[in-house]
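Okay, so here's the structure we're looking at.
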Amino acid sequence: MVDFKSIIAKVATGATLTRDEATDAFDAMMSGDATPSQMGALLMGLRVRGETVDEITGAVTTMRAKMLPVTAPPDAVDIVGTGGDGSGSVNVSTCASFVVAGCGVTVAKHGNRALSSKSGAADVLAALGVKIDITPEQVGRCVNEAGIGFMFAPTHHPAMKNVGPTRVELATRTIFNLLGPLSNPAGVKRQMIGVFSRQWVQPLAQVLKNLGSEAVWVVHGSDGLDEITLSGTTAVAELKNGEITSFEISPEDAGLPRAPADALKGGDAQANAVALRAVLEGMPGPYRDVALLNAAATLVVAGKARDLKEGVALGTQSIDSGAAEARLKKLIAVSAAA
């Protein structure tokens with residue numbers, strides 16, 4: 001068993017942990033073998049110094065080893081944001097997930113209830129009528145029959161109960177805010193991940209490369225959004241063919257108009273559910289455009305579109321044909337029957 005005191009002592013000097021040390025330390029925390037004080041000390045020590053790629057890789061390795069998995073096709077994708085961007089925006093990645101699923105790409109979405117906003121992925125899906133507290137086997141059925149499934153993080157990461165109270169007491173961002181999107185229970189190898197700070201764009205792409213992902217976009221909007229934004233440029237780190245490339249994109253690259261950040265302000269889960277359903281029913285406007293933009297990037301990651309403009313064309317067809325809305329209705333039905 002890891003000597004947790006020596007781990008804390010090492011971090012206290014400003015030294016970094018090896019990948020194996022991080023794996024062992026997080027195993028101790030998630031197994032209930034570390035006290036709340038020890039966990040708080042380590043989490044804040046890492047936060048103040050800044051977590052390294054090796055430390056995040058080790059922590060994710062433990063998260064993945066302890067999660068309850070879901071069976072999904074090898075070409076399934078996930079669209080997810082870390083949350084915590086403080087924007088209070090509408091549920092962009094959730095809406096984009098249905099657009100992508102309507103294009104025939106299987107989506108295995110991993111998410112939770114809101115952290116800093118009024119409505120996280122789980123909140124808005126529940127408001128839409130999707131049953132979220134179902135077993136991993138039932139989620140697998142949704143993925144296979146509806147082409148989209150939602151994995152509610154607390155169900156799939158039961159070991160997190162050992163660190164939950166400490167996280168609540170700390171009441172500030174820790175490494176765990178980064179780990180969720182990296183710990184998809186379906187083991188997807190293709191992801192579009194939004195992060196709350198530009199500093200994490202490149203490192204998280206490197207972590208996913210370390211862990212064997214095939215195709216990834218990690219993004220952060222210039223307005224602070226943990227999605228691809230309409231209001232300005234978006235920083236991207238792309239993992240493709242084993243190489244990481246960094247670049248910036250704008251709405252114009254996808255043939256979409258810009259819109260101010262406040263045009264995407266959301267409300268509570270019920271209000272956001274109404275707005276999401278309106279997009280899937282064909283309502284034009286900034287919410288539709290940002291959903292198309294993020295769906296387009298995901299279709300590029302999935303290998304379904306060559307570029308953002310083709311992705312937007314496919315996404316537009318998904319919405320206007322009713323295919324995206326049909327995926328939502330099918331998910332509601334299959335999850336209810338679970």
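For all residues, glycine too, the Cβ spot is worked out from N, Cα and C.
In Swiss-Prot this protein carries:
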BINDING   G81, 84-85, S89, 91-94, 109-117, A121  5-phospho-alpha-D-ribose 1-diphosphate binding site
BINDING   G81, N112  anthranilate 1 binding site
BINDING   S93, E227  Mg(2+) 1 binding site
BINDING   R167  anthranilate 2 binding site
BINDING   D226, E227  Mg(2+) 2 binding site
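Recorded features from Swiss-Prot, shown on the structure.
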residue	record	CB count, 10 Å
G81	5-phospho-alpha-D-ribose 1-diphosphate binding site	28
S89	5-phospho-alpha-D-ribose 1-diphosphate binding site	26
S93	5-phospho-alpha-D-ribose 1-diphosphate binding site	26
H110	5-phospho-alpha-D-ribose 1-diphosphate binding site	27
N112	anthranilate 1 binding site	19
R113	5-phospho-alpha-D-ribose 1-diphosphate binding site	18
R167	anthranilate 2 binding site	17
D226	Mg(2+) 2 binding site	26
E227	Mg(2+) 1 binding site	31
- prompt: Where D226 (Mg(2+) 2 binding site) and R113 (5-phospho-alpha-D-ribose 1-diphosphate binding site) are concerned, what is their Cα separation in Å, rounded?
  reply: 16
- prompt: How many Å lie between the Cα of N112 (anthranilate 1 binding site) and the Cα of G81 (5-phospho-alpha-D-ribose 1-diphosphate binding site)?
  reply: 10
Statement: Here the Cα-Cα span from S89 (5-phospho-alpha-D-ribose 1-diphosphate binding site) to E227 (Mg(2+) 1 binding site), rounded to a whole number of angstrom, reaches 10
- request: According to DSSP, folded down to helix, strand and coil, what is R113 (5-phospho-alpha-D-ribose 1-diphosphate binding site)?
  value: coil
Task: Could you round the CA separation between R113 (5-phospho-alpha-D-ribose 1-diphosphate binding site) and E227 (Mg(2+) 1 binding site) to a whole angstrom and send it over?
output: 17
- prompt: Reported as an integer number of Å, what is the Cα distance between G81 (5-phospho-alpha-D-ribose 1-diphosphate binding site) and R167 (anthranilate 2 binding site)?
  reply: 19
- request: Filter the binding-site residues S93, H110, R167 down to the ones within 10 angstroms of E227 (Mg(2+) 1 binding site), Cα to Cα, kept in sequence order.
  value: S93
Statement: Rounding to whole Å, the Cα atoms of H110 (5-phospho-alpha-D-ribose 1-diphosphate binding site) and R167 (anthranilate 2 binding site) are apart by 20
